[in-house]
There are 2 protein chains.
Amino acid sequence: MARTTGSHSDITGPRIRDVAMRLFAQHGYAAVSMRQIASDVGVQAGALYNYTPDKQSLLFGLMQGHMEDLLAARAARDVPEDSLAQLEDFTRFHIAFHMERADAVFVSYMELRSLSDENFATIETLRRRYEDELEQILRQGVCTGVFSVPDTKIATLALIAMLTGVNTWYRTGGRLSVEEVETIYWDMVRKAVAP
Amino acid sequence: MARTTGSHSDITGPRIRDVAMRLFAQHGYAAVSMRQIASDVGVQAGALYNYTPDKQSLLFGLMQGHMEDLLAARAARDVPEDSLAQLEDFTRFHIAFHMERADAVFVSYMELRSLSDENFATIETLRRRYEDELEQILRQGVCTGVFSVPDTKIATLALIAMLTGVNTWYRTGGRLSVEEVETIYWDMVRKAVAP
DNA sequence: GTTTTATCTGAACATATGTTCAGATAGCAT
DNA sequence: ATGCTATCTGAACATATGTTCAGATAAAAC
């Protein structure tokens, strides 16, 4: 039965996810034990199994949640008319969304190999769906002559790799604001696909 | 004493490195046991310790070797005169070098967090040295007006992220040759830094 | 106040881990 | 042939792992 009133346990689930995401990002899935997660949450290892059937499901749930958040946030935006504005919107969205979720991005990127075959397939489908949004933008722009790229599929992957690369160096509180980073990357993206 | 003649043990060292690199790339450092490595090499776990003092040194040796190979291969090229040719040379070199070393690139990128603090610092220094080569090219090009980027440091990291991203999708035997991939990326790089 | 229910503890289980080391093995020089 | 040396085996050690579960705890429902 679902809890209807506030109690300390109502926050244990989210807390486990937060702690696990941070630890997985920091040390990697295989290097983090259930006891470490439990210890950081402030609980014994056995208690974790009230919230996840096993360690693998914990990782999968984190990655699936992240990808669904990404797709939902993307879908919530209304798309501009012309291709150029669409690409700018995608660029700024991608950077802003990923910058404030460094841990989730890192985990979703690095721990694909730690997923079971079935879970991997599920995550890959979600990732593909996101990539397709960018490729659609590029394809349409190429059609109308606004963009020119040698290969839309490769350009898609190249741009996403470049944009996600922000996470390797950006640290909150650095010399650049999110908007400044967005603008810097948009400048390069715009030119990279220019005719 | 160093071996002077051929014997089966002369190839055990390299074999361990090959196997370890492949397994680390496939499953991650923490997820691979010394017994798995030994088993793939065709030897008992204890025998590995004739070639490495411990697991951490094995990983570090692989990463250090890769970074030194990279810097050596880079240094062996003679640099063209003008900035544009230098950037093209760097782009093609980076792609070609990284494409034929997928496992080493993957490990050197993903397992930084598995290194001890001291080993991490060493690898980071080597990586920085490589990045600086690209940044020098960009800086000089910006000076002479051949390139225009918002920030040479960020542009460096953005381009390297984009180029290294090739490894996430390229598979030998695919529809594109190395030269074709080089050209596709060079087209985007050239435009991304164009004035 | 009593029952019910969700949650947590603490110990246990079977297995896996990195590493060590005495002794076996086999190629080398003499 | 004999001694030497590098290498490998196989067992052992101490510890860590994911997971389970009977029983404690405490809040909610009646």
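Positions of Cβ are set from backbone N, Cα and C atoms, glycine also.
All TrEMBL annotations are machine predictions without curation.
Checking the ranges B:13-32, B:33-52, B:153-172 against TrEMBL, the DNA-binding region annotation falls on B:33-52.
Counting residues per DSSP class in helix, strand and coil order gives 48 helix, 0 strand, 13 coil for the domain 'HTH tetR-type' (B:10-70).
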